[in-house]
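Engineer: Starting off with a structure, shown below.
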Amino acid sequence: MDFQHRPGGKTGSGGVASSSESNRDRRERLRQLALETIDINKDPYFMKNHLGSYECKLCLTLHNNEGSYLAHTQGKKHQTNLARRAAKEAKEAPAQPAPEKVKVEVKKFVKIGRPGYKVTKQRDSEMGQQSLLFQIDYPEIAEGIMPRHRFMSAYEQRIEPPDRRWQYLLMAAEPYETIAFKVPSREIDKAEGKFWTHWNRETKQFFLQFHFKMEKPPAPPSLPAGPPGVKRPPPPLMNGLPPRPPLPESLPPPPPGGLPLPPMPPTGPAPSGPPGPPQLPPPAPGVHPPAPVVHPPASGVHPPAPGVHPPAPGVHPPAPGVHPPTSGVHPPAPGVHPPAPGVHPPAPGVHPPAPGVHPPAPGVHPPPSAGVHPQAPGVHPAAPAVHPQAPGVHPPAPGMHPQAPGVHPQPPGVHPSAPGVHPQPPGVHPSNPGVHPPTPMPPMLRPPLPSEGPGNIPPPPPTN
């Protein structure tokens, strides 16, 4: 047989297999696959005869090899005969009874009654969880028996109509009757320490406690409101610092007339120092405050304020907040505008009073007015600078400016004038702010001052 010149052949290789060879190879391959899944020795219908061939006892067919028999078992004829045989056997076989369910034997014992119990309602002070504590007494419990419990739904019991708002906690122990407690149908907290049971064998008491889960987060605890007039305890310190004072509910209304707002009271701790003089409330718009009465000192000398160095003998610092005037030029009083250019000032020593202002009574000193007075036209205020002091002279207090040249210091025993008040000539009392002092009176025409005693009256001038 020529294998070299067949169509489809390749030089140096075998020829193309015939159809018979391909079928044989296919059957062998299927037999190997069938033997891997089917154990032919366990087939009840497989039989090998004395001729060495194989027979099918169900279909009565003859097969030359195992592959042929395995192919037969997968065919339609063999499958049909298997179904027919199974139906026949099922018809002829007797009906077998269904397997019985396992029955649980109910213990039968003589019940002696209900046990004693005690229920305690509890509430956790920290978390606010509600809990129930049950104490059941079983003094005559059977030997080797431990009480048992379980939760029962309202739909499992047959004693009351079912209500989903409630559930039942059952307690059982021989020979006592089973008792049940009706509790709210809420979720039980099974966390560690929230659900526990204990059986005391000595006292024959059974304890059970469970907590309900929190439905809402606990609200922060609030201090109870005490009776009126009783102050609450101060709040705890945070980081070692006291809490801030509460802010005012509403700001004070603005003053009428467009006046500036009064300063807010300080919120911090009060300064450690001597209390100052009492301050009067601001006057209403258009109303002038009464002038305070100033009594002369007993000895004529006042001690200096705390924190202020006394000046050297013969040197007095000027009043705080007062700029030294230029030599020969007096600044106008507060509230009086400087004259316009081209208008001659009044005669020296004669000052007309302001409209609506009456001259003060003798012996009445006006209150000091703080502030800086405007200068006359063409006069420049002194620059805010500090001049070196002479040896042995203490520097002035903060806010005080040195005096200009030509201004003589006050003699010892005379106090500096108040802020914003210019010194007056001897024997003349200062007037109210905005009013120029009157013309000095002759020595014999002015009344004696209170500080001048009977022996301090100056002698009359000599007559010609």
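Including glycine, each Cβ sits where the backbone N, Cα and C put it.
Not my notes, these are from Swiss-Prot:
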REGION    1-27  region 'Disordered'
MOD_RES   Met1  N-acetylmethionine
MOD_RES   Lys10  N6-acetyllysine
ZN_FING   54-84  zinc finger
MOD_RES   Ser153  phosphoserine
REGION    217-464  region 'Disordered'
COMPBIAS  217-295  compositional bias 'Pro residues'
COMPBIAS  303-323  compositional bias 'Pro residues'
COMPBIAS  331-369  compositional bias 'Pro residues'
COMPBIAS  370-392  compositional bias 'Low complexity'
COMPBIAS  435-464  compositional bias 'Pro residues'
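I would like each feature placed in context: is it buried or exposed, what are its neighbours, and how far apart are things?
Structural biologist: Counting same-chain residues at least six beyond the ends of the zinc finger (54-84), those with a Cβ under 8 angstroms from any Cβ of the stretch are 27-28, 30-31, 34-35, 38, 40, 43-48.
Following the DSSP three-state reduction, the secondary structure of Ser153 (phosphoserine) is strand. Its own atom aside, the Cβ of Ser153 (phosphoserine) has 12 Cβ atoms within 10 angstroms in the protein chains shown.
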Engineer: Could you pull the average pLDDT for the zinc finger (54-84)?
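Structural biologist: Looking only at the zinc finger (54-84), pLDDT averages out to 92.
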Engineer: Would you list the DSSP helix, strand and coil counts for the residues of the zinc finger (54-84)?
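Structural biologist: DSSP classes over the zinc finger (54-84) add up to 17 helix, 6 strand, 8 coil.
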